[in-house]
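Participant: Take this structure, written in structure tokens, and hold onto it; I'll ask about it next.
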Protein chains: 2
Amino acid sequence: MSAYDELMAFTRETEALASVAGRTGWDQETMMPAGAAEMRGEEMAALESVLHARRGDPRIGGWLDAAEAPDEVGAAQLRLIRRSHARATKVPARLAVELARVTSVAQGEWAAARRGEDWAGFAPRLAQIVALKQEEGAALAAGGDAYDALLQDYEPGTTAAEIATLFDALRPPLVDLRARILDSAATAPKLSGEFDEAAQMALSEKLAAAFGYDFTRGRIDKAVHPFSSGSGTDVRITTRTDPADPFNCFYSTIHEVGHATYEQKVDPAYLLTPLGAGASMGVHESQSRIYENQLGRSRAFTTWLFHRMQESFGDLRIGGPEEFFAAVNRVHSGFIRTEADEVHYNLHVMLRFDLERALIAGDLAVADLPGAWNDRFAADFGVAVDKPSNGVLQDVHWSVGLFGYFPTYALGNVYAGCLHQALRRDIPDLDAQMEEGDLSAALDWLARNLQRHGSRFEPRDTIARACGTEPGAEPLLAYLEEKFAAIYAL
Amino acid sequence: MSAYDELMAFTRETEALASVAGRTGWDQETMMPAGAAEMRGEEMAALESVLHARRGDPRIGGWLDAAEAPDEVGAAQLRLIRRSHARATKVPARLAVELARVTSVAQGEWAAARRGEDWAGFAPRLAQIVALKQEEGAALAAGGDAYDALLQDYEPGTTAAEIATLFDALRPPLVDLRARILDSAATAPKLSGEFDEAAQMALSEKLAAAFGYDFTRGRIDKAVHPFSSGSGTDVRITTRTDPADPFNCFYSTIHEVGHATYEQKVDPAYLLTPLGAGASMGVHESQSRIYENQLGRSRAFTTWLFHRMQESFGDLRIGGPEEFFAAVNRVHSGFIRTEADEVHYNLHVMLRFDLERALIAGDLAVADLPGAWNDRFAADFGVAVDKPSNGVLQDVHWSVGLFGYFPTYALGNVYAGCLHQALRRDIPDLDAQMEEGDLSAALDWLARNLQRHGSRFEPRDTIARACGTEPGAEPLLAYLEEKFAAIYAL
């Protein structure tokens, strides 16, 4: 075997183990009995110990030195293996394993603290995790910025400064749009009533199918927090139901299907290789958000959905498709990021980005976090946070060590704006298709121009290649302005 | 750290990985989408590659040489680690990994072949697995008997010759009892009607609770084939429902709860160590069978169950508890081992034992297996097998490489007979308790005398210590004779 082949065989086995670790995480959030939390922490630590040792295996250095890539795809494989190897050799095994153990256990503790509104009980654990992530960031940065180093796990090639620049460009127009909407005399109707949860799940499955989800290579379960997990031929999603809010179910499902079909549509030749997954969290989010928003919350698609909802639930007490479109896109100042409308969403992300940078930099202590959160929230959203579950305890991310993840949500929105512009350019009759519930042209476009490549190209390149232009904030801002000007008669 | 502590820390991590591998198997049978079978094979192979390398890690030899056990428990740990290390060093990694991959994929293929009655389509895969197991057996036996070597994975310390001797003692009285029952003028009533499947599951959960299953450290799902999986704080079971046959659901549940509570009640100090699981498959089966049969199918417990079933399903069209007891224990000559009554069950096992010994010895070719099965079945059961799913394709075991597993089922029945005798001796008013649905004294007895020890003692010792005598076939035979003589007026 050539050095390249040996390296790829070794890497393939590592990727198979990583796939198991990912599914063990899925199991923890969907199937695991509560009493197994501590043992699961040991299991996650053991898996991380193996994965960390394999990714940092000294033989990889030799193989990388000797390997000749057979083609461009092979060169991309080597690039990603080199990156993963460099990362693993920088982080001490003890730290990697400790992080895996602690964040596994912390997940259940966070859920309990959130249910019990018990910030004080959870704060010491979060402080421990921040300290571990500071240590990891410092090890990875090797003298550079720790937060930038952590960011590479989610959005390779990006820096906090670049993101801050992007957010500086986004923020004023969003704040302005928000103010004009809230000042507007026009109001969007709000869906009300009780909606059978089994019927929500049934329609949810229809939506998943419409958005191209392959059920033979995935499954849908209910969970408190919708997420997508896995790659290749086993990509699972979760969704949730709320009798009073079927949109939560439907758009959670569509969002997760965006993530999941991205994974499902990666070139099968990349299965169990470093190329065999989405290019970054930002690119991933571009898929989930374009599915959910630019497509799923479009006037055309909501027209189709309006009729499907009437079939499932009878009279919705909504005047017609136009009113339904406004109800789906109703702008309101809520506490919860995952329930936020498109205007508020990025403001949630910016809040978290600034706070987590300060936490990792050591400029903000965990003890001071709720105060900082609540002050910022009052300033940005004009509402006082009433309880931890509506504030600092609402998201799981920090509890499981995901520092540097949040900004990729806004990046995904920006990328989705760019992709949507290109998609509209290439498929002029998209609206006519979506009114019939036919998303195939749009889905094919995304699969062909972006999803099939997996991690072959760097994240920003992945977007630029699909769009034919460098990504920027303008398409997203123009899309939001046009959409909400129409709904709110701005 | 001492050599002992280093070894135990390393072993603990290996056990955590083995726990993940076990749960990945559970997932494959309960949750995995069909399209993921091939990728799952890669994952199982990668896990086996890691586990095999760890169990055969050369450092273990050094640690074992230097380790001093701190106490008797420590000595038992070292004994099991030594055994596992010796096993791993005998089997080539290539073979171990290939077996993991092939048997993972074969599981789905077997299920499809069984559904489609496609013996011919599955036979080549089975032939491949037999060849791999022959190779593994030869590697393990190092000149000795390959089947005996394979048997050690399920029942350490036992030989095929010992089992054959036991079976020779069991067979004539069972054949005689069977003949007298079938010749008897008395008949047992058969439950008939339609039984709501959700209500079956609800009563099934009550039964699981009555038999001591801890739901905070486990879960129940529906699956085509009931099984128990896991150890420590995460022990899951599956059961099944059939509208026409609620007993199948209830006794599958009780059986699997027997396996699961054994794991749940092992001393928590043994968690993620070699002692932290059941002593052998035979001892495991003794728990599942005593729960299912000697307790669950007793006159006393079925009296309680009769009333619970009336509450759940209304009129059962069964005259009363005595008639219900007879219906639960109705003897009939069926094709399916897992649905067999206590009289026929061991005859099923003996058939498989003889055939699998011949397969591994090379005395029987896979191509000739259906003929051999059907001839033997006609001789033993007086019925001609009508289709592969009622014959050679009915059980998953051989398809996933479990050669040497079947005889432990009958061994478990024998052990259950011994334990039941001792239990009755120590708890004279057991029937009065069970009539009230109170199994606590019996469950406590089993937990205290057997389950808590996990793998601390060798399988046969585990039973002997609990019973206070060496195990033999007599108690089982006496129990069966007494029970069925009463039901069938022999």
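Sequential numbering from 1, following the chain as shown.
Using the three backbone atoms N, Cα and C, a Cβ is placed for every residue, glycine included.
Automated prediction, rather than curation, is the source of TrEMBL annotations.
Checked TrEMBL, it gives:
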- B:H255, B:H259, B:E285: Zn(2+) binding site (BINDING)
- B:E256: active site, proton donor/acceptor (ACT_SITE)
Participant: Tell me the Cβ neighbour count for B:E285 (Zn(2+) binding site), meaning other Cβ atoms within 10 Å of its Cβ, over all protein chains shown.
Facilitator: 28
Participant: Around B:H255 (Zn(2+) binding site), which residues of its chain at least 6 apart sit with Cβ under 8 Å of its Cβ?
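Facilitator: Listed in sequence order, they are B:P226, B:S288, B:R289, B:Y291, B:E292.
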Participant: Can you tell me the three-state DSSP label for B:E285 (Zn(2+) binding site)?
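Facilitator: Going by the DSSP assignment, B:E285 (Zn(2+) binding site) falls within a helical segment, counted as helix.
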Participant: Sort out for me which one of B:E256, B:H259 has the most neighbouring CB atoms within 10 A, since those are the recorded positions we care about.
Facilitator: B:E256
Participant: Work out how many Å separate B:E285 (Zn(2+) binding site) and the residue listed as 'active site, proton donor/acceptor' at their Cα atoms, rounded off.
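Facilitator: Just about 9 Å between their Cα atoms.
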Participant: Can you list the residues of the same chain, besides B:H255, B:H259, B:E285, whose Cβ falls within 8 Å of the Zn(2+) site's Cβ centroid?
Facilitator: B:S228, B:E256, B:G258, B:H284, B:Q287, B:S288, B:R289, B:Y291, B:E292, B:G412
